[in-house]
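Feature annotations, courtesy of TrEMBL:
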type	residues	note
TRANSMEM	12-36	transmembrane segment
DOMAIN	30-306	domain 'G-protein coupled receptors family 1 profile'
TRANSMEM	88-110	transmembrane segment
TRANSMEM	131-153	transmembrane segment
TRANSMEM	191-212	transmembrane segment
TRANSMEM	233-252	transmembrane segment
TRANSMEM	285-308	transmembrane segment
C-alpha cells in the first residue's frame, strides 16, 4: 500500500489530521478576518502596503483552499492522491498562489524601502496606476509560470495504467514522477523558481539593510544605538525564513528527485516500454510530509506579521466589534 509506505505508523495519522485541520481553520480565520477588516476600513484601502497585503491574503487563501483539503482527505481515507482533473487544479492553483505570494512579499519589502528611505517622493513614485499595474503583473507572471509548467509537464510519458500517485498531494515532484520525469518541465520549474527566490532574497536584503542603515545613521550623532530598528530587521528576516522554509525543503526534495528520476529513467530505458513500480525512499517520505506541513504555515503567519502587527490594522479590526 502506497499510503503505508508514506506513513507506516497508523497512530501518527490522527495526529497529522488534527495538525492539518487546525492549521487550515486558523489560516481561514485569520486571513478572512484580516481581509474583512481591510475591506471595511476606508482609511487603509488607499495605502499601497495594505493593497499588497490584500493580494498576499488572496494568494494565501487560494493556497490553503487548494492544498489543505486534499491532504486532509488523503489522510482521512488512508490513501494517496488519485491522478485526475483535481490533481491538475491543485498543481496549477498551488503553483500560481505560491509564486504570487513570493513576488508579493518581494514587492512589500521594496514598498517599505521607498516609504522609509524616500518618504518625500513616496507618493510620486508609487502612484495608484503603478500600484495596480504591479499587482496585475504579479498575477500575470504567476499564472504564466503555471501555464508553461502544465504544458511542459505533458512532454513526459504519463503512467496511464497507474491512476494513483505516490503522494498525499499533487505537488511538482509527484506530478513529474507520474508523468515520466519530463526533463524540460523539471528544468523550467527549477530555473524559474530559483530566479524568483534569488530575486526575493536580493530585494529583501537590499531593502531592509538600507532601512537599517538609515535608522542607524539617524542616531549616530546622539551616540545611541537604534535597538528598535535592529529588532525590526531581525524580526522580518526571521519571518522571511519561515516563509521560504517550504522552498528550501523543495530545493532539497528536488535534489533527491533528481537522483531518483535519473535512476528511474535508466531503469525504464533498460526495460523498454514497461513501467516499474517504485516505493518512495525514507528520505523522500520525510521531505514530502515536511513540505506538506510547511506549505500551510506561511498562510497562517503572513496576516499576523504583515497585518495584525500594524497598529492601524489592529485599530481597524477593533472598530468592527
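For all residues, glycine too, the Cβ spot is worked out from N, Cα and C.
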Seg_contact(the transmembrane segment (12-36), the transmembrane segment (191-212)) with at least 3 CB pairs under 8 angstroms, min sep 6: no
Interface present between the transmembrane segment (88-110) and the transmembrane segment (191-212) (three or more C-beta pairs under 8 A): yes
